[in-house]
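Quick look at what Swiss-Prot annotates:
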| type | residues | note |
| --- | --- | --- |
| BINDING | 4, 179, 180, 181, 203, 204 | purine D-ribonucleoside binding site |
| BINDING | 20, 24, 43, 87, 88, 89, 90 | phosphate binding site |
| ACT_SITE | 204 | active site, proton donor |
| SITE | 217 | site 'Important for catalytic activity' |
């Protein structure tokens, strides 16, 4: 048992899916996993372990932002021996050719967070995905008839930015989309020598102002989840 995860040794699989929303973790466990058992309810951040096509897989909610996901990733790796971490979540498109409900695979993650500046004594670090997981996810998506967008994303600390046009600078440099966790995930995976990948579904577009409803997100984001489960 760790501070924020109430699981016993052996309760968590070596591969863990990481939705930000704990209710999405519960939904995945109840609808896509066989023989799913809840191992964590601490702070309402549900965690489940079950089986997908015979493979043992866990799914653990992380909350929003780099500090929150960093807590769970640290504990999953150091206390429970997790080897593969796959974030599944939503993002906002920064490019006109990336539409709502598209799949984005994060090859790397730029960030406006200071967390790596602190860790690396003021220097920059380039948080990068596991190539092994990235290739598997890309190939599986194509096999499923999906053409994912692959590239650099932005991990931001600010959901409500004081400058609503600040995203345009990142877009100018080819950043595909914005979310709030991946730079933290990839950095910790590198620190501990494990594999990590982020697969995202576009929930809204900063370019066009389009957005999906909560109901649409629940229905249309299953492609992302199925890609993650297939490569688990």
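Quick reminder: no glycine exception, Cβ is built from N, Cα and C everywhere.
Positions of the features from Swiss-Prot, shown on the structure.
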residue	record	Cβ neighbours (10 Å)
20	phosphate binding site	20
24	phosphate binding site	21
87	phosphate binding site	26
88	phosphate binding site	24
89	phosphate binding site	23
90	phosphate binding site	21
179	purine D-ribonucleoside binding site	24
180	purine D-ribonucleoside binding site	24
181	purine D-ribonucleoside binding site	29
217	site 'Important for catalytic activity'	18
Binding-site residues listed as 4, 43, least Cβ neighbours within 10 Å: 43
Cβ packing number for residue 203 (purine D-ribonucleoside binding site), 10 Å threshold: 23
Among 4, 179, 180, 181, 203, 204, the record's purine D-ribonucleoside binders - longest CA distance, Å: 31
Cα-Cα distance maximum in Å, computed over every pair in 20, 24, 43, 87, 88, 89, 90 that the record assigns to phosphate: 22
Other CB atoms within 10 A, centred on residue 204 (purine D-ribonucleoside binding site): 18
Distance, residue 181 (purine D-ribonucleoside binding site) to residue 87 (phosphate binding site) (CA atoms, angstrom): 9
Spatial separation of residue 181 (purine D-ribonucleoside binding site) from residue 20 (phosphate binding site) - C-alpha basis, Å: 9
Which binding-site residues sit within 10 Å of residue 217 (site 'Important for catalytic activity') - Cα, from 4, 43, 90, 180, 181, 203: 90, 203
Cα proximity to residue 4 (purine D-ribonucleoside binding site), best match among binding-site residues 24, 43, 89: 43
